[in-house]
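S.K.: Just passing along the structure, written as structure tokens.
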């Protein structure tokens, strides 16, 4: 904990220096990449000692995998290639006698299929290595959290590796017509150099606590195009500016540091005084009524949040201090520095739906799950996304209780909202009553869902569920059995996009 705070505070000072003295107008992109990488490596070694070797091994393994996609001999067959479609199937126009035409066809198929395989390999290797480290952390280094817990940075690097792999695949291995608007915008058209790759994965702003960001955004930041690019996206002239503004992150950094300080105070005063373990204490269970237990569950869940508020907001401030994280201009003409924000505290505490809560908690991880899993899953995207999230977090049984329960509650909450919400929009009092009830239900559902995440083990989790009579599980199942399931707009859009892709592929044939 001390190493973490020391590194992040030092990173904050380094970030201010980086923005002032190594700005794109004072230093080349190569110098900025090299400084960010070397300081990131130093922080990793300082914090985690020899355990940091896991970070470097994973990074270099996946750099090798990424470069397996090169096809060095393809120029030899260029005269024979008539068409390369989206499925990477080759039509050979030359009239060659058998068996040479068949041999050439096999060679071309093999070489071109290699171009798509490394993206899958990167995903499997990164997630596999992370899982092995999770296992070793539990069974070799005792059940619990290490004082030198290197899994956090490894989880962030895994996100970045798989993000870059998918975006490279979109830019090189797929046609523009097959991509969504966001995938098209973030697609990476060429492989990064070793320095760019290391800088993206190991830079000092995000090596300790993240967050994960898109490769194109990071490269634009290093090259000095980041702010300009975001201003062009929002059409800054329509926001009342006569010339291209030069927004400063100082105000945003100071605001986030204030939130960090308050979160630290709350962590030191509340978190240790309201432990989650107390809700399964035998004496507490014997003497406390059911509704009071639910109330205390809400209190201990609230007490567990400040450490996340502290770590994620400080990480956001570090990136902003370096000049990274600008997202545009809001409706009032104010500059926004929330591109890398990992949470929205107000929206979390006032969420009136499970979906709204999840969208504002660990935002960058949710965006990563959406980019690499939800938007690409051929079936059951919600279930597969929750399962990937659990696997990424680790192998503690409590994580899987949390995410499997989350699938059930998400589907039930969606069914209730789709079937009932429209009846409460006719008047302000009805809408207010609906919001109050859904706020209370959402907060209790979240508390019920995340309790196993904190408890980690099977025995306390089952004991907790028994103490509250599995009520959320039972209610969710009843809702899904009784209420009709209406298709979401996103599901309809996915079906339309798939139809469009199929149409494009059929034309290519």
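Including glycine, each Cβ sits where the backbone N, Cα and C put it.
Automated prediction, rather than curation, is the source of TrEMBL annotations.
Keep in mind that what you see is a predicted model, and the values were worked out from it rather than measured.
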S.K.: Which is it, of 378-395, 468-485, that TrEMBL names as transmembrane segment?
M.R.: 468-485
S.K.: Looking at 352-372, 436-456, I want to know which stretch TrEMBL calls transmembrane segment.
M.R.: 436-456
S.K.: Pick from 214-232, 233-251, 252-270: which range has transmembrane segment per TrEMBL?
M.R.: 252-270
S.K.: For the feature transmembrane segment as recorded in TrEMBL, pick the matching range from 399-416, 417-434, 489-506.
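M.R.: Going through 399-416, 417-434, 489-506 one by one, TrEMBL flags 399-416 as transmembrane segment.
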S.K.: Grab the same-chain neighbours of the transmembrane segment (436-456) for me: Cβ-Cβ under 8 Å, and only residues 6 or more beyond its ends, written as numbers and ranges.
M.R.: 143-144, 276-277, 279-280, 294, 297-298, 301, 304, 350-354, 356-357, 393, 396-399, 401-402, 405-406, 409, 413, 464, 468, 471-472
